């Protein structure tokens, strides 16, 4: 029976590839169903002989507890956007300045969810979302239900590939029809539907929604020499690869392709929002390298956004964490790119003056980058009032006089004690990419302010459980949970703290680069502007901003208070070079941890030289198991893998 099961799996996977990926079915649906039922019956009788690539794995039926974080071995970078032909020409000039004979591979930009698939010995062992590019979510079980993703490859390869998971238009219409019949809210657009589906805890729902993929990148080291060859290799491995792409020798040919696809866009069976242009030669890609945020060898041209008319009702002015006062328009509701829009950014006071926006104007609204609603221009022929918009002279939060610096487009509150700035700064400090203090969100920050318990980020670490119990709706359990999260954040690597301080122009990636260079925040604070500006991919703007921040007495007092409170100021990655107790080991975390958050545990393991994986396999060296560990612990025991508890990790 084992041989017959293997034969059926091979046949069914081949037929599925012909149907879902190649679009060339060689057998009828009834014949496929007959073979599928035969396999299912055999697997029910002989469960120990079920093969890892059996198509029955795609049916669903498993309820997941949640999604673990998944650290990407190979980071996923976002792409620089272009919105005009001029921006594409500028990109081409930058590339050709170093490589005059370059050619470009142009691919459709699928409007879905970025995914990463990892295969070991040809078997799919992990599938994850992009997340922040460094850490995503492990959605392996859900991706196994996407019918055009191979569970096994033709060859026993160790390979990581990247692509886009999307919901075809026909599937989107069918899903929304069903939701309408069931009285459920409809998805706004196929991208939201795909993202929502992949985060379902019930894998059976994923299986029913007919998601699809296009793969386009081999993230792990490759033996081929061009992006075109990468696509051919992926297709040869039975991945679904979009056949609509061209190799262009000039930016003029790229633009012709863009114009052609723009005309055909609405007739495609899936949503796209642009064209991705990549240098074809992989060796040239490597030479060009990256900025902090994006590759220098690629750019994403975004199609012009949909535009709608709406009437301006009023304007709200809000203060951000850097003191910038931003105007937001309240509008008559309009449907825009699949969602109802009733608020849109007006950017800044200079923008209002430039566009001559007045009270009760009819305006054109669009979604900047297909995400953020913004006012584009006024429809002057429909103007009903000559009355100018009222621009505030004082801060809407602290009532300090606002300033408008000559070199800035926005109004700014420069009061360092402005409550709105401090609150926004605290929210940023506690956010996931900064200190990751679970439970310290906007509502709790508001309560802390109302009780006068916190005035700056150092005040977070002076909070006691008794303080937290003073907050409205806080019981002992919630107070203990937040207090534990605050204490755990003290052990974060210092790049999180640096990002959390909210220094202008210093993002999370720049923070990591800076701490890799200077090892701790005190040394960074003493570095000269020239030393910082000399770091590849940073430059003078970041150097000036850091110098301005650290020369302020208040900043030095804040750092001293944080250090006194026990907050770590060191870059933990340097410990790996010193003691690397787990150097080269593949470690898996499972279960609930009590002393550390999962991200902190991963950072500690990585600082000790470990590669942290989201799944257990024969290549796993060690499993750290917390409370209520489930299938991963069982699999580790079955494979004879060393198992340790959280106390062991804490002792390292």
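Every residue gets a Cβ built from N, Cα and C, even glycine.
A quick note: this is a predicted structure, and the numbers were derived from the prediction, not measured.
Database features (Swiss-Prot):
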BINDING   29, 30, 31, 32, 33, 78, 79, 107, 130, 164, 278, 302  NAD(+) binding site
ACT_SITE  109  active site, N6-AMP-lysine intermediate
BINDING   395, 398, 413, 418  Zn(2+) binding site
DOMAIN    577-652  domain 'BRCT'
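Overlay of Swiss-Prot annotations on the structure.
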{"residue": "31", "record": "NAD(+) binding site", "contacts (Cβ under 8 Å, 6+ apart)": "none"}
{"residue": "79", "record": "NAD(+) binding site", "contacts (Cβ under 8 Å, 6+ apart)": "276, 294, 295, 298, 299, 300"}
{"residue": "109", "record": "active site, N6-AMP-lysine intermediate", "contacts (Cβ under 8 Å, 6+ apart)": "272, 273, 274, 275, 276, 300, 301, 302"}
{"residue": "130", "record": "NAD(+) binding site", "contacts (Cβ under 8 Å, 6+ apart)": "76, 113, 114, 115, 116, 136"}
{"residue": "278", "record": "NAD(+) binding site", "contacts (Cβ under 8 Å, 6+ apart)": "104, 105, 106, 107, 227, 285, 297, 298"}
{"residue": "395", "record": "Zn(2+) binding site", "contacts (Cβ under 8 Å, 6+ apart)": "319, 325, 401, 402, 413, 415, 418, 420"}
{"residue": "398", "record": "Zn(2+) binding site", "contacts (Cβ under 8 Å, 6+ apart)": "413, 415, 417, 418, 419, 420"}
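With DSSP classes pooled into helix, strand and coil, the tally for the domain 'BRCT' (577-652) is 27 helix, 18 strand, 31 coil. Per-residue pLDDT, averaged over the domain 'BRCT' (577-652), rounds to 76. DSSP gives residue 31 (NAD(+) binding site) a helix state. Classification of residue 395 (Zn(2+) binding site) by DSSP places it in coil, neither helical nor stranded. Listed in chain order, the residues near the Zn(2+) site other than 395, 398, 413, 418 are 319, 323, 396, 397, 399, 400, 402, 415, 419, 420, 421, each with its Cβ within 8 Å of the site Cβ centroid. Most other Cβ atoms within 10 A: among the binding-site residues 413, 418, that distinction falls to 413.
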